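Below is one structure, written out as structure tokens, with a few remarks after it.
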Amino acid sequence: MARNLVCGRWQLLRLLRPQRSYHSVAVSLRPLAAELLAARRGNGRPPCALLAVFTPRCISTSATLFAEAQVQAPPVIPATSIPAAVPEVASGGAADVVQCATEPSFTELGLGSYTPVGLIQNLLEYIHVDLGLPWWGAIATCTVLARCLVFPLIVKGQREAAKIHNHMPEMQKFSARIREAKLAGDQAEFYKATIEMTRYQKKHDIKLLRPLILPLTQAPVFISFFIALREMANLPVPSLQTGGLWWFQDLTVSDPIYVLPLVVTATMWCVLELGAETGVQSNDLQFMRNIIRVMPLVVLPVTIHFPSAVFMYWLSSNVFSLCQVACLRIPAVRTVLKIPQRVVHDPDKLPPREGFLKSFKKGWKNAEIAQQLREREQRMQKHLDLAARGPLRQTFTHNPLLQHDPSHPPKAPNSNNSSIKANAKKPWQDTLG
């Protein structure tokens with residue numbers, strides 16, 4: 001049995017022995033399992049469990065030497081080209097892209113919300129970052145969008161202003177009657193002229209304050225833009241410091257040479273003089289013309305140190321208003337928008353124009369007369385209240401407190417004396433003064 005086992009092992013080693021004197025990775029085409037099965041059958045012995053352990057000799061010498069060379073050889077570092085130096089300042093649109101990528105968002109800066117001011121800031125950020133416009137272009141674009149939203153209200157104000165202009169001669173006649181009644185103290189004529197003027201306005205659907213109330217809806221828009229831009233300038237937003245134009249590159253500070261405040265004041269005077277917002281030109285109403293001409297000069301010292309971003313919005317709004325009034329003067333545009341054509345009145349039928357000082361003095365005098373009339377009405381009402389609450393007070397033809405000589409008693413008034421009647425004052429003047 002031992003002999004058979006040794007023969008079986010010898011045949012197994014013969015099969016596993018390589019066929020060449022040198023090591024190779026080539027193998028026999030006959031499967032190893034088939035040769036083992038044939039050897040077992042040739043012996044005619046029961047199968048024996050054999051454990052074949054492959055030694056390192058089974059590995060190719062060339063493969064071993066190659067692995068040792070890979071371990072011992074130093075790693076080869078591929079040669080790389082030295083990157084070119086990147087310029088510090090990019091030109092053109094690349095600088096804007098780099099700046100937009102590095103600057104913090106408005107949310108990180110504490111700006112932007114769902115309030116009117118925050119919505120304007122979000123819109124400005126979207127136009128600047130997503131659309132790629134510089135800050136001065138973003139402010140101008142946002143201003144045009146806001147003005148387009150309130151354009152229907154401006155058209156309605158233009159309709160009312162044209163209606164007032166066409167009925168201006170009749171309205172001025174009523175105003176003259178009311179003013180003369182005030183100066184004369186004629187209450188009956190005053191109330192009569194006032195009632196007639198009210199009926200005339202109701203008949204033709206004229207509201208003097210309607211053209212002024214409608215543009216006041218722009219006040220919340222202006223205030224929201226002002227607060228939004230002032231917050232952005234006071235923070236400041238980093239990119240806003242280089243987002244200007246020409247000589248005002250920094251939009252967070254005021255104009256160093258004060259050109260923007262002067263240009264904005266001039267354009268605002270043109271807008272008010274031409275009635276671009278209300279549709280009522282300054283030569284229609286005297287008191288409005290005086291106020292309009294003084295307003296820009298009064299506002300200038302207050303606004304001269306505003307940030308340039310605020311002046312950029314203001315200038316864009318004024319330029320839009322001037323273009324708007326030029327467009328609304330085209331007859332075809334007025335017909336499409338249903339704005340009545342302005343009637344050219346005869347200058348002879350209109351009251352003569354007065355200078356600023358003369359009209360100011362006249363207005364001051366009218367205000368004093370109106371105050372005197374109010375005081376007189378108050379005194380009359382006071383005496384009527386006293387008469388209603390108590391008995392009538394006794395009146396005398398002379399001062400009863402003065403001591404008279406017994407030989408010369410005070411004379412009673414003679415009803416037949418015409419001179420006394422002529423010099424006698426009216427009873428309400430003796431009482432009211």
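Glycine is no exception: its Cβ is also placed from the backbone N, Cα and C atoms.
Per Swiss-Prot, compositional bias 'Low complexity' is recorded for 413-426.
According to Swiss-Prot, the phosphoserine annotation covers Ser359, on the basis of similarity to another entry.
Thr395 (phosphothreonine) counts 8 other C-beta atoms within 10 Å of its own C-beta, drawing on all protein chains shown. Residues or ranges marked as phosphothreonine by Swiss-Prot on the basis of similarity to another entry: Thr395 (among others).
In three-state terms derived from DSSP, Thr397 (phosphothreonine) belongs to neither a helical nor a strand segment and is classed as coil. All chains included, 11 other C-beta atoms sit within 10 angstroms of the C-beta of Thr397 (phosphothreonine). Annotation source Swiss-Prot lists phosphothreonine at Thr397 (among others).
The region 'Disordered' annotation in Swiss-Prot covers 397-433.
Residues or ranges marked as topological domain 'Mitochondrial intermembrane' by Swiss-Prot on the basis of sequence analysis: 1-108 (among others).
DSSP places the residues of the topological domain 'Mitochondrial matrix' (130-134) in helix, strand and coil in these numbers: 1 helix, 0 strand, 4 coil. Look at Swiss-Prot and you will find 130-134 (among others) tagged as topological domain 'Mitochondrial matrix', backed by sequence analysis.
Among the features that Swiss-Prot reports, topological domain 'Mitochondrial intermembrane' is placed at 156-207 (among others).
Summarising the annotation, Swiss-Prot assigns topological domain 'Mitochondrial matrix' to 229-255 (among others) and lists sequence analysis as the type of evidence. Same-chain neighbours of the topological domain 'Mitochondrial matrix' (229-255): 99-100, 103-104, 106, 109-111, 117, 121, 124, 128, 134-136, 138-139, 261, 304-313, counting only residues six or more beyond its ends whose CB sits under 8 Å from a CB of the stretch.
What Swiss-Prot lists as topological domain 'Mitochondrial intermembrane' is 277-293 (among others), and the listing cites sequence analysis.
Swiss-Prot lists 315-433 (among others) with the feature topological domain 'Mitochondrial matrix', giving sequence analysis as the kind of evidence.
Residues annotated as transmembrane segment in Swiss-Prot: 109-129 (among others).
Feature annotation from Swiss-Prot assigns transmembrane segment to 135-155 (among others).
Swiss-Prot lists 208-228 (among others) with the feature transmembrane segment. With a cut-off of 8 Å between Cβ atoms, the residues of this chain six or more beyond the transmembrane segment (208-228) that come close are 116-118, 120-121, 124, 142-143, 146, 150, 153-154, 156-157, 160-161, 164, 171, 201, 277-280, 310, 313, 317.
Annotated transmembrane segment per Swiss-Prot: 256-276 (among others), in sequence order, evidence recorded as sequence analysis.
According to Swiss-Prot, the transmembrane segment annotation covers 294-314 (among others), on the basis of sequence analysis.
Comparing 109-129, 256-276, 294-314 for CB pairs under 8 angstroms to the transmembrane segment (135-155), the maximum falls on 109-129.
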